[in-house]
Amino acid sequence: MHSSNVSTHGMAVAPHHLASQSALAILREGGSAIEAMVAAAAAIAVVYPHMNGLGGDGFWLIVPPEGDPIAIDASGAAGSLATLEAYAGQRHIPNRGPQAALTVAGTVSGWVEALRISRDLTGRALPVARLLADAIGYAEDGIPVTASQAHATASKLEELRHQPGFSETWLVAGEAPRPGSRFRQPALAGTLRMLASDGLDSFYRGPLAERLAQGMAALGMPITLGDLQAHRARRPGPLTLQHQQGTLWNLAPPTQGLVSLAILGITDRLKMADADDAQTVHRIVEATKRAFALRDAHITDPRHLDVDVQQLLTPEALQPLADSIDDASASPWGGGKGPGDTVWMGVVDNSGLAVSFIQSIYHEFGSGVVLPDTGIVWQNRGAAFSLDPQHLLALAPGKQPFHTLNPAAARLNDGRVMVYGSMGGDGQPQTQAALFTRYILQGVPLQESISRPRWLLGRTWGQSSDSLKLEGRFAPACIARLRELGHDVEVLADFSEAMGHAGAIVRHPNGLLEGATDPRSNGAAAGY
């Protein structure tokens, strides 16, 4: 799959084709890219339920045809009952169960804030009920189970089947659903109908919020109704990198947007255009190690930062990191942050308004906890907190956890505008770097830049080792060379879902829209 889809009026890219089609339908009805993205976000919460959902977080990067981008941080903070004392006697926060479900789910608040921006930009609005219609229909009528959902359910079954509400919601006769079977989510359909009738804000302030809070209390989750009511999405200023090819943007802390920009800022000072595969992988991997070190030293709740993160992206900060890379030897590597189940999606409309968006519940099926009578599986993003009170990521009520999520965008010197991203924990910034380097610097066609074999340093969902993982389609000589350089290479399948689900849309100066999706996903680039 090496040919991009090209359209003239609108383009939507998602890792599930039904979400792409939901966005496209809104574009055809005259909706904005933002409204189309809300429709896609709701749809994919239903059709890719192991990856994301209403019980997760979201981040937006909205790029208008002219002017600065607008970022939305729709991530939730730790609940008011999530104290260090509440976890006394434990070495770390559990990855599953009610104690893992300790942060407010923010993604729906991001939909609210994004639609407010859409109205401000366009002066019009489609009804929320229209934006949620496809999602409601898929939840009621059933979705075709993907191989990805079936595999995620089966592989994590023993650690999840006893979590509250999991078996009743996600299993069929006590087992993982079969790929290609029809899977219904009636409780989630009811929740979506409430949001359509009462408004999206009812998730935090209304009858739905009260239902959620009652379920949380019954399950022993450390989130209260007051925590839901206090939550609002925020609009932080995005991080900016001045690259030789143009201006790049990503999200500020608590995300690892710094990592994605730092990798490209470091490699911008290396000779990437003519690098062969082994050199490309080696240099980006070495830049990744240095960017991860910045992340691990600094990134936390933005109210607790000890540095101006934007200053870490200046030429003065990046040049020494580039100079420290040895083309003949791999540097030591200490390990990554871990997995992340996520979806990235992009939409560009006829006006040139572009959206880069990411939505996640962290691990596969998040905490595994499904709130009673809602069909909502709650995220376990709070597992990223530390129980060490001196740690940068120490747990505290009202504190935001670290996020791997980071949607990217670029406005290039030649007039192209690009939104791009990927799911995949530690792999997200690496995949962004691979895509940008191949397409922008090395002249590889957009779709081929995503389809070509990829690599991953560290861990992502489905993987627990910290090795340098390569897809098996890399040439044997490339794999051998990377081992000679000192990398701990592990070869995976030819097309491995561990590499994430990437996507991109490019708006060309002539107005044509080019979309590419990942053959590792169930996605589509849908345009008209």
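Just so you know, glycine gets a Cβ as well, placed from its N, Cα and C.
Note that the structure is a prediction, hence the values are computed from the model and not measured.
Annotated features, as they stand in Swiss-Prot:
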ACT_SITE  Thr342  active site, nucleophile
BINDING   Gly424, Gly425  substrate binding site
SITE      Ser360  site 'Important for catalytic activity'
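Here the features listed in Swiss-Prot are painted onto the structure.
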residue : record                                  : Cβ within 10 Å
Thr342  : active site, nucleophile                : 32
Ser360  : site 'Important for catalytic activity' : 27
Gly424  : substrate binding site                  : 31
Gly425  : substrate binding site                  : 29
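For the pair Ser360 (site 'Important for catalytic activity') and Thr342 (active site, nucleophile), the C-alpha distance works out to 4 angstrom. Reduced to three states, the DSSP call for Gly425 (substrate binding site) is coil. The residue listed as 'active site, nucleophile' is 7 Å away from Gly424 (substrate binding site) when you measure Cα to Cα. Separating the Cα atoms of Gly425 (substrate binding site) and the residue listed as 'active site, nucleophile' is a whole-number distance of 8 Å.
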